[in-house]
């Protein structure tokens, strides 16, 4: 779990997302509150529930990007889902309980990686011994007992030194490795029957889990395989499940995107299985309930839910009142200006201009963007957004692709050249398309 302070979290998000200070502060405080809650004593800790967040703002201003970056910072089970993928229980489609099942699977993977990292040193030592056993099978006497001669030991140490220095990397050996899941059994089941399906699948998987098979491979590949094999042996599956469930219950974060798309439209009186029905099904999850997963029962009382939507057609008040009450923190993200676009092109880590420079450098072409050129690109994107649909920062991708079209096509024939992209180059490449509204609508 992340122990970063809110200031550090915001600083980290600033490296990737321009503006939107309120949204960054809200998610930073929410993430820090997870850590604060874990410092409390048990009777009070159970009573402190997370304050769920609703992010409201036009498309392309950074809502989803904040979620993506937060997932990397959180070091906690995290899942991002689209609200439009779900239907009410009993109808064809995914039900909302699958969010928690997927989150638990994500936690299992995360905890497993942490346990493997923790046991890596022991696994590396064991893997090294298995490689040396394959290279130098221990001598046996006539009764089949292993003899331990000093000469054998010194030879083993010499091989160990060569192995660690990488001198044996390309030598091929034959090793025994776990067969793993040899029976690729995939069972399809109707919605609601996932639990039975998972039990059947684990039964078939366990049938072949203890088998080993011989494989011939290079030592450098064998070492990686054996380290994974040994690390897996050091992990207790039951303990792993319990740790994963605890991680989900105490630190889990669910990001629900496009929540405005499940708002009720007008005075429609029929069954609304993918809109209001989904909202009603989300209520118990957000409020706190127990969900059955293949790893065990998971309580959702302390999972943090962050919902986001553009709310261009619907309004937050169109959500059913019970769900509104369960999303107490509202954050509005502002539309981006031309100055914001200019900063987006240059300031973030791995900005668009840096990406294009790196891509062209692979062909031996050096690209330089002048300050004036960046300003012109930002203005062009902003004007097209104003004239047509406002798709926010995503417009920069279409504008940059149009600008770099000729260079991208001819780069393989321009090895060793330097291309200076200035204001005149930008005006020549984008001028006509930006000025003509019809062309803007269909090309950018």
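Along the chain as shown, residues are numbered 1 onward.
Yeah, the Cβs are placed from backbone N, Cα and C, and that goes for glycine too.
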Residue from 130, 394, 402 that Swiss-Prot also lists as binding ATP with 18, 60, 61, 62, 63, 64, 65, 257, 322: 394
Which residue range, 143-163, 164-184, 185-205, 206-226, is the one Swiss-Prot calls region 'Disordered'? 143-163
Please state whether DSSP places residue 322 (ATP binding site) in a helix, a strand or coil. helix
Neighbour count first, Cβ atoms within 10 Å, every protein chain included; then name which of 65, 322 tops the list of binding-site residues. 65
Give me the non-local Cβ neighbours of residue 61 (ATP binding site): same chain, 6+ apart in sequence, Cβ-Cβ under 8 Å, ordered along the sequence. 19, 20, 333, 334, 335, 336, 392, 393
For residue 63 (ATP binding site): DSSP state (helix, strand, coil): helix
